[in-house]
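Since the structure comes first, as structure tokens, the remarks are kept for the end.
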């Protein structure tokens, strides 16, 4: 028995030594905090609580440190008076309702140097304006504030500030110092809260702004208010304005916001009370220059209720989505819209007139009080849905062509006079024009473009360019001439089309390194994407790879550099090929081991201008040098083999441009961004040696270790092993 007792004591001691323990100073703080909040036993490890997350201080230590607090609502209100500064590795802190922070916490918050996120669902402490927040703090979420928000919050390094559900006593500073760090701001606004008059200047890098407007006129002492003179948000991408749903909302004009967001991508408006300024009479967003397109989402709003004429105008290719709004389609200027969605609109009316909407590609109107006919003009819409309305007129010919089985998915249920689920396809006007272009690319993305009348929307290998009148038939990879394909149209009609693949065309060459191997690449079109390509270089036939790339880019074929004949620098060599029985052009290139551009990216003015480009160009012969941007030639005004100057053309603002430097057929690409006016920023300087087309490659699968995994056996496994050993030994002595 003595031996058993001794072994048991040894086992307990061993396990205590093998287990990780929390840092003593943190243990004291957390034990007291958890006990006062939830009655948590002070003898227990706080790290074992569901409210606390701990981790090893480092990979070799068994000492635990608190990294996250998630404190749920206690039975009674509690003010955290404990000094939390020992929690030096705390990164995340979330406090539910009835838990309050103190002034002392914020006076010492800069000592929590790894704190990244604070979420507090009850907030009643006035933070001093001289408070310094840690540089690590990125997100501060405040719910139910009942005190003024300190200017220190708005002047910190915080990137994301979210404020919700204000209580009496809440207010916002009316002037804020310039803060380049804040990117996402969410603020409630009431008639008593105030609003920063210089918000656009104070936050020059603000990306997303959400304003919650409390506009309940039934609230005690409530009165009208508005926000104006906010300035221009030069970098704002998203604007979200939401109004408290109310039976008695105030009228709140938002023109001051909507006229100052030149580059937003997203606009969301929710709730009753929002209006168009009667002195302006229109919301004109056509000036907005989104990076891609502007998405407009209006939900349960009074914005367009009493509009007069075309009161809402969007920028080109905008999305417009409406849910539970009551408005006339006459309010909307459709000329720039690409997508229009309207659900649950109780305004009785006909379908919108889209004769002057050339960009409109998609229409979905559902669960709305639209009546009358479906116009023939709707046959050109590529994505169309008119289900669950009250359309009681006639369906157009393109729907009749499909019959109830297929066309019903687009326009039923509706009480149409000439169309229902059992209608048979009727299409006497189905017609295919014979003058289509029958040359297609070899990369499998090539299309036969056909035109006609009532062709439908889809079919096998068919997609719409303009529904019913212009369709694209996808042709598989291949080479050669005199091919054919048979397709079935949406109305069941079958047709066979003849085509040939484009002949090969050689454009340029370059070099590519993959997995420490160097390849010569030849770029062009019409290569074989299924079989190796045979290239003739100076009369010698050499086998290159299957073509890669394609699509919007040229194809690329590759040859290991050690299989290439030896050439001296600037040596001429001729290149040609034969693909699918079709001969390419024969080109003369000049051989260079390397051509590169020092800049990683060029940023140019959209008005055009002059710019220097540095690099190693391999030759002093300017006659071998040409430069273009997306196919538009640039004038080389000055040249050495390490620096050149070009006059570049004007382009629309965007970052999807490519500059191609061609030296004797050796092509190097460089990403180009066009910006609005101003000075051209200094380019970054990572050398570019990219060939004109870079293939997509999949990295080899390489085993990796998880962070902190040094490959050694875990402490849990070691403890388990010794525990089993001790138990086995114990059994021998019983």
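In case you wondered, yes, glycine gets a Cβ from its N, Cα and C as well.
Since the structure is predicted, the reported quantities are computational estimates derived from the model, not experimental observations.
Marked as signal peptide by Swiss-Prot on the basis of experimental evidence: 1-20.
Residue density at residue 58 (N-linked glycosylation site): 9 other Cβ atoms are found within 10 A of its Cβ, drawing on all protein chains shown. The feature N-linked glycosylation site is assigned by Swiss-Prot to 58 (among others).
Annotation source Swiss-Prot lists N-linked glycosylation site at 89 (among others). Sequence-distant contacts of residue 89 (N-linked glycosylation site), defined by Cβ-Cβ distance under 8 angstroms and a gap of at least six in the same chain, are 55, 57, 65, 66, 67, 114.
According to DSSP, residue 124 (N-linked glycosylation site) sits in a coil region rather than a helix or strand. What Swiss-Prot lists as N-linked glycosylation site is 124 (among others).
Residues or ranges marked as N-linked glycosylation site in Swiss-Prot: 198 (among others). The DSSP secondary structure for residue 198 (N-linked glycosylation site) is coil. There are 16 other Cβ atoms within 10 Å of the Cβ belonging to residue 198 (N-linked glycosylation site).
Counting every protein chain shown, the Cβ of residue 420 (N-linked glycosylation site) has 15 other Cβ atoms within 10 Å. The N-linked glycosylation site feature in Swiss-Prot is assigned to 420 (among others); the stated evidence is sequence analysis.
All protein chains considered, the CB of residue 435 (N-linked glycosylation site) has 7 other CB atoms within 10 Å. Here Swiss-Prot flags 435 (among others) as N-linked glycosylation site, drawing on sequence analysis.
If you look up Swiss-Prot, you'll see 482 (among others) marked as N-linked glycosylation site. Less than 8 angstroms from the CB of residue 482 (N-linked glycosylation site) sit 498, 500, each of them six or more residues away in the same chain.
The domain 'IPT/TIG' annotation in Swiss-Prot covers 504-592. Mapped onto DSSP classes, the domain 'IPT/TIG' (504-592) shows 3 helix, 51 strand, 35 coil.
Swiss-Prot lists 523 (among others) with the feature N-linked glycosylation site.
DSSP classifies residue 596 (N-linked glycosylation site) as strand under the three-state reduction. The annotation N-linked glycosylation site is assigned in Swiss-Prot to 596 (among others).
If you look up Swiss-Prot, you'll see 605 (among others) marked as N-linked glycosylation site, on the strength of sequence analysis.
For the recorded site, residue 614 (N-linked glycosylation site), the DSSP three-state label reads strand. The annotation N-linked glycosylation site is assigned in Swiss-Prot to 614 (among others) on the grounds of sequence analysis.
Per Swiss-Prot, the feature N-linked glycosylation site maps to 630 (among others); the stated evidence is sequence analysis. Listed in sequence order, 651, 657, 658 are the same-chain residues six or more apart from residue 630 (N-linked glycosylation site) with CB atoms under 8 A from its CB.
Per Swiss-Prot, region 'Disordered' is recorded for 678-712.
Feature annotation from Swiss-Prot assigns repeat '1' to 683-686.
Counting every protein chain shown, 22 other Cβ atoms lie within 10 Å of the Cβ of residue 523 (N-linked glycosylation site). It is 605 that, of the glycosylation sites 124, 596, 605, 614, has its Cβ surrounded by the most other Cβ atoms within 10 Å. DSSP gives residue 605 (N-linked glycosylation site) a strand state. Distance from the CA of residue 596 (N-linked glycosylation site) to the CA of residue 614 (N-linked glycosylation site) is 9 Å.
Residue 420 (N-linked glycosylation site) sits 63 Å from residue 124 (N-linked glycosylation site), taking the CA atoms of both as reference points. For the pair residue 198 (N-linked glycosylation site) and residue 58 (N-linked glycosylation site), the C-alpha distance works out to 46 angstrom. The two recorded residues, residue 58 (N-linked glycosylation site) and residue 596 (N-linked glycosylation site), have Cα atoms 44 Å apart.
Put simply, 523 is the one of the glycosylation sites 124, 435, 523, 605 whose Cα lies nearest to the Cα of residue 596 (N-linked glycosylation site).
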